[in-house]
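What follows is one structure encoded as structure tokens, with my remarks underneath.
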Amino acid sequence: MSTFPAPVLGTPLSPTATRVMLLGAGELGKEVVIALQRLGVEVIAVDRYADAPGHQVAHRAHVVSMTDPQALRQVIEQERPHVVVPEIEAIATDLLVALEDEGAVHVTPTARAAHLTMNREGIRRLAAETLGLPTSPYRFVDTEQALREAIDGGIGYPCVIKPVMSSSGKGQSIIRSADDIAAAWRYAQEGGRVGAGRVIVEGFIEFDYEITLLTVRARGADGQIVTQFCEPIGHRQVDGDYVESWQPHPMSPVALQRSREIALAVTGDLGGLGIFGVELFVAGDQVWFSEVSPRPHDTGMVTLISQVQNEFELHARALLGLPVDTRLRQPGASSVIYGGVDARGVAFEGVAQALAEPGTDIRLFGKPESYAKRRMGVGLAVADDVDQARAKAARVSQAVRVRA
């Protein structure tokens, strides 16, 4: 019998409050804030710019450069949260590791998970070299000349180049011949989160599709940690950024089982409690590990309409030590609403038309500034099957017009 104490939740803004600090207050962080507040948690949201989506709904908000360890330590010591939840990758994770080692704070899922996954080198070496999981062939290089040598030395064409520290497709491109190398190298150097630096070059896998397998480590009623899986999420990307997702994505039983085994291995090693977005390539019954995010995943926004508990509720419950329910309610899809204009304080037209069809919903993120390819919202839909849901979600997002 487990001796783990049952979670006790306090009252916000009182001496009994359970305080959670989110590092990153974008659209995903905003939904986590809402999920936590529904459970009576006092939430502090931190981001690098004012009036971020999560700032608008948190009990308190701070504007901090989260890559500055001194500034980050100061806000953590000021607020004294019980739990720190990294919601983005651009964080001084060395500090989180040190604070967790000191016993000063608990990081969800773990400080080590946040540290390893902020850098493609850390998580790729863990997956491929420590855990022995199947991945694309890869090399890490620091110069354009080393990139050429890696390609000629076995990676071959076509191949994919990415900064070791970037997100949302920034700095990522496909190299199809030697003529592409110089431009791809420059683009990768411009797209890194911390400026120019190291890149990963990967051999191209001829996959049929890619999925996100949302994997949840949570405590059951007996206090034991159990790993549970959501139904696989299919998605389409343009320039490395997701434009639509759907759930469930059809898979062979063998591929689904192998996907779960890979996800179990990597999340089990990272440890802790919470949701992980495990990205996988699939060809027939073969599965390759790609990446993992120890937090809700952008493609998982479909779960806002498709699941009994969406990915944000799952993360909130898990990090608080509560049981979760990963069941699918109905096939669903999400479709991104882009800004389309460069402006502050935009207005949204066509919302009534977007919501006129039964089984639809939208989320407008409330970002203070729009630009052409910035994700400003998402259209959501459910239907009898994913094809119908995708078509319906696309109609929702297309109906919404952004006006400066």
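Using N, Cα and C of the backbone, Cβ positions are placed for all residues, glycine too.
Predicted, not measured: the structure shown is a model, and the values here were computed from it.
Record features (Swiss-Prot):
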- Glu27, Leu28, Glu87, Asp298, Lys367, Arg374, Arg375: N(1)-(5-phospho-beta-D-ribosyl)glycinamide binding site (BINDING)
- Arg120, Lys162, Ser167, Ser168, Gly169, Lys170, Gly171, Gln172, Glu202, Gly203, Phe204, Ile205, Glu210: ATP binding site (BINDING)
- 125-320: domain 'ATP-grasp' (DOMAIN)
- Glu279, Glu291: Mg(2+) binding site (BINDING)
Of the binding-site residues Arg120, Ser167, Phe204, Glu279, which one has its Cα closest to the Cα of Leu28 (N(1)-(5-phospho-beta-D-ribosyl)glycinamide binding site)?
Ser167
Using C-alpha atoms, which one of the binding-site residues Glu27, Glu87, Asp298 comes nearest to Phe204 (ATP binding site)?
Asp298
Cβ neighbours of Glu87 (N(1)-(5-phospho-beta-D-ribosyl)glycinamide binding site) where a neighbour is any other Cβ within 10 Å:
26
What same-chain residues, at least 6 away in sequence, bring their CB to under 8 Å of the CB of Arg374 (N(1)-(5-phospho-beta-D-ribosyl)glycinamide binding site)?
Tyr338, Gly339, Lys367
Comparing the binding-site residues Gly169, Gly171, which residue's C-beta has the most other C-beta atoms within 10 angstroms in this structure?
Gly171
Counting only residues 6+ apart in the same chain, whose Cβ is under 8 Å from the Cβ of Glu291 (Mg(2+) binding site)?
Thr117, Arg120, Ile123, Glu279
I need the CA-to-CA distance for Gly169 (ATP binding site) versus Asp298 (N(1)-(5-phospho-beta-D-ribosyl)glycinamide binding site), whole Å please.
12
Which has the fewest other CB atoms in a 10 Å radius around its CB: Glu27, Glu279, the listed binding-site residues?
Glu279
Counting distance between Cα atoms, which of the binding-site residues Glu27, Glu87, Arg375 is nearest Gly171 (ATP binding site)?
Arg375
Cα-Cα separation of Glu210 (ATP binding site) and Asp298 (N(1)-(5-phospho-beta-D-ribosyl)glycinamide binding site), in Å?
14
Roughly where does the domain 'ATP-grasp' (125-320) sit in mean pLDDT, to the nearest integer?
95
